[in-house]
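Enquirer: According to TrEMBL, the protein has these features:
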DOMAIN    6-211  domain 'SMP-30/Gluconolactonase/LRE-like region'
BINDING   8, 144, 199  divalent metal cation binding site
BINDING   94, 96  substrate binding site
ACT_SITE  199  active site, proton donor/acceptor
């Protein structure tokens, strides 16, 4: 439908049968109707990485804007901050990929930007609780895609820079993680090339994990 600087964060809204995604560095959110091929753009004028519509409200979106998550209203084109991380770092720790679990809780990873790229080991995984983020895991470099297994007993999480896919035991009812471990290490694995890194991730209805 067009050209983008960094098209990212696709979210398929099954209720409306439409696609949301972002042009990250341009600071734009897009809404695509694949039937009519109509695309609507909303500009937030800063780094955006995820967009997820609120349930039961077709005009409100949850959007990450650098180190904040905001509630964006597509009708008024206005937004308010829901929560932010590390305000003392003035946006140097910023969000990357994120998703909601089957209970509607937001989980989102972060990256700490340094002078020569992501700072090793300073990326984190957060959970949104009310109007605040709770850090649930750390030690990552470039936090990226995530997915839950079909039984909601495991969470998979990518670290692109370190070329690892992590697994956690997941407690759906309490929204808790345990037993962080490396599930796939691309380094030294003959199935992967040196320039291949794990990025986006999802799971299909047969329980197969797909990693970009």
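Including glycine, each Cβ sits where the backbone N, Cα and C put it.
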Enquirer: For the divalent metal cation site (8, 144, 199), what does the 8 A shell look like? I mean other same-chain residues with CB within 8 A of the CB centroid.
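Expert: Going along the sequence, the neighbours appear as 9, 96, 97, 145, 158, 160, 200, 212.
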Enquirer: Non-local Cβ contacts of residue 96 (substrate binding site) (under 8 Å, 6 or more apart, same chain)?
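Expert: Spatial neighbours, sequence-distant, of residue 96 (substrate binding site): 49, 108, 109, 110, 111, 123, 142, 143, 144.
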Enquirer: Enumerate same-chain residues with a sequence separation of six or more from residue 8 (divalent metal cation binding site) and a Cβ-Cβ distance below 8 A; give 'none' if the list is empty.
Expert: 21, 22, 23, 24, 49, 97
Enquirer: Given residue 199 (divalent metal cation binding site) and residue 94 (substrate binding site), what distance in Å do their CA atoms have, once rounded to a whole number?
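Expert: Cα to Cα, residue 199 (divalent metal cation binding site) and residue 94 (substrate binding site) are separated by 17 Å.
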